[in-house]
């Protein structure tokens, strides 16, 4: 029983790692730009397909393909900011609708380029860390965990210790006041979009060998990300991380001891309970930031 609990805990840590990368990116985009990016799940999908193309089809080294996924999807985010969100900066509903349209375009492009079949990437490594006979952590999952810790720590340092990070936080808290202080709202939006999209991209790239890559793989992760940011508090990066860990623990343990459908119901019920008790989420405030 103890081995089962330990193994389930390791599975939850892995799930929390990639969920937090996706959710933090989504929160950062919303906090700075005030737009709900429904295409965020498709950015995750784009990162995964980048690895399919480079690592599987062109035999590019895996970590080079992962880095390319981060950069490519980050640049895709820049294109979204310039073509979709900037013209609709004062129209949040328009930005939301535009992101849904872009979601459909990315899905269609994935179908045209790769078909609707599931893509199964060859394992990056067969190595496994064995804690006991029944408690194991595949090294491929460890890559995801380490990347999440490193990237989220780096993001925290960037936001707290650098001039650009200060500008992002100021723009998120009060865009008008930030503009009066000489902060370029367009520049902060570009930075937020590149980082937020890049985090989703690298999450997809790193998990590509561990999941079935397909044009609709973004659906489940975007639903999970929305649950997490609502529970953690819309606009709160810390809340997104804490809620990712909490959600992953609950969902993984319920899935292990019951089944996935009940786990989904429990996750949604947790979100509703938090909204009833604290409508702004665990770490949220009444303001956007």
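Each residue, glycine too, has its Cβ placed from N, Cα and C.
Curation does not apply to TrEMBL; its annotations are automatic.
Non-local neighbours of the transmembrane segment (12-38) in the same chain are 44, 77, 80-81, 85, 88-89, 92, 95-96, 99-100, 103, 137, 141, 144-145, 147-149, 151-152, 155, 168, 171-172, 175, 188-189, 191-193, 195-200, 202-203, 206-207, 221-222, 224-226, 228-229, 232, 234-237, 239-241, 243-245, 247-249, 251-253, 288-289; each lies 6+ residues outside the stretch with a CB under 8 Å from one of its CB atoms. Under the heading transmembrane segment, TrEMBL lists 12-38 (among others).
TrEMBL lists 58-80 (among others) with the feature transmembrane segment. Panel annotation: around the transmembrane segment (58-80), residues 29, 37, 39, 43, 46-48, 50-51, 99, 102, 124, 190, 193-198, 200-202, 204-206, 209 of the same chain, lying at least six beyond its termini, place a Cβ under 8 Å from a Cβ of the stretch.
For 92-116 (among others), the entry in TrEMBL reads transmembrane segment.
For 140-159 (among others), the entry in TrEMBL reads transmembrane segment.
The transmembrane segment feature in TrEMBL is assigned to 191-211 (among others). Long-range contacts of the transmembrane segment (191-211) within the same chain, counting only residues at least 6 positions beyond its ends with a Cβ under 8 Å from a Cβ of the stretch, are 18, 21-22, 24-26, 28-29, 31-33, 37, 40-41, 43-52, 55, 62, 65-66, 68-78, 80-81, 85, 121-124, 138, 140-141, 143-144, 147, 151, 155, 164, 168, 217.
With a threshold of 8 Å between CB atoms, the same-chain residues lying at least 6 positions outside the transmembrane segment (223-250) that come near it are 9, 12-13, 15-16, 19-20, 22-24, 26-28, 30-31, 40-41, 152, 155-156, 159, 172, 263, 266-268, 270-271, 274-275, 280-285, 287-289. What TrEMBL lists as transmembrane segment is 223-250 (among others).
Annotation comment: TrEMBL describes 257-277 (among others) as transmembrane segment.
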Spatial neighbours of the transmembrane segment (92-116) not adjacent in sequence (6+ beyond its ends, CB under 8 Å) are 33-43, 45-46, 49, 52, 80, 84-85, 214-216, 218
Sequence-distant residues near the transmembrane segment (257-277) by C-beta distance (under 8 Å, 6 or more away from its ends) are 224, 227, 230-231, 246-247, 250-251
